[in-house]
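Among the features that TrEMBL reports, divalent metal cation binding site is placed at D41, E42, D149. Per TrEMBL, the feature compositional bias 'Polar residues' maps to 17-26. The domain 'RNase H type-2' annotation in TrEMBL covers 35-268. Annotated region 'Disordered' per TrEMBL: 1-26, in sequence order.
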Amino acid sequence: MSRTSASLIPSAPGPSTPLTNSYTYHSSTPTAPGPYILGVDEAGRGPVLGPLVYGVAYCPVSWKTDLEQLGFADSKTLTPEKRAQLLGVLNSDPQNLGWSVRVISPQAISAGMLRIPPTNLNKQSQDATVLLIRDALQRGLQLSEVYVDALGNTTTYEAYLSSQFPGINFTVTTKADSKFKIVGAASVAAKVTRDACVDGWTFEELIEEDENAARNTRNWNREFGSGYPSDPKTQIWVKNSLDPTFGFPSIVRFSWTTVKVILEKSAHPVKWIDEGQESLMKAFEGGKGREKDRCIVAKDLGIQSIGML
């Protein structure tokens, strides 16, 4: 997808707009009477570059037969041209079809995973899914069935979602995008949005702060590859994009092991000069083993986490 084409995707940031914060995009709300089915899928869970995008698609239960004829499938099995054409299909019948995406920025992913205690990718994914389902309900859609593509323990996740949204029948399974057309539609929305975000990426580090500011002389190329750590093109881009003092541009997920290793080997080491604060900093570090997530101060004061009051 060219940068020009990427700028035409309504769920991607506008031209020359850097992706710094996570955001949600909604198509127009369908007007056909319910109840509705809704599918959930993601794009970009594994890459070291770019956002993680969760997508949902929804249509009336009575429209299922029509949906089956539209060609939706697991977006990974479709060409970029076919995916773009299917996103047009999603926009072609606003009375019966709708979709939304939650775009989680690389900075948000890294900030969550590097904080103490960490918010891992599973929790961030779960939060995005709940947010999108809740948004659909708040927009007036009567949901009766929700289909979710997920990894890991799908039984536990299905029980969790059912507890959050009583009255909705949840089906959480692997490869749901190839089993249920509504999940395939969500897969297309997520994948096209992520591709547009990456292909149209604006490096915020190169934007002039004002008209008189000197432009940064660093000019990162766009030979990203697939964004996956195992991709040789991605590996070369990441290696060549390191600034030994400032690290990587914001398209990179700093929390990925691939990036941590490069920073340890090739970036300048940092030494805190306020040595007098070392013992204080250590007191607030997270514990290990059975004391995980409890710092020394919390342990000494006997502070315990509670689930409810």
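Including glycine, each Cβ sits where the backbone N, Cα and C put it.
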TODO: Please spell out the DSSP helix, strand and coil residue counts for the compositional bias 'Polar residues' (17-26).
DONE: 0 helix, 4 strand, 6 coil
TODO: Determine, for the divalent metal cation site, the additional residues of the same chain whose CB lies within 8 Å of the mean position of the CB atoms of D41, E42, D149; present them in sequence order.
DONE: V40, A43, Y54, G55, V148, A150, A176, D177, V183, A186, S187, A190
Open item on the list: Restricting to the chain of D149 (divalent metal cation binding site) and a gap of 6 or more, list residues whose Cβ falls under 8 Å of its Cβ, or answer none.
Closed with: G39, V40, D41, E42, T173, T174, K175, A176, D177, V183, A186, S187
Open item on the list: Return the count of C-beta atoms lying within 10 angstroms of the C-beta of E42 (divalent metal cation binding site), excluding that atom itself.
Closed with: 25
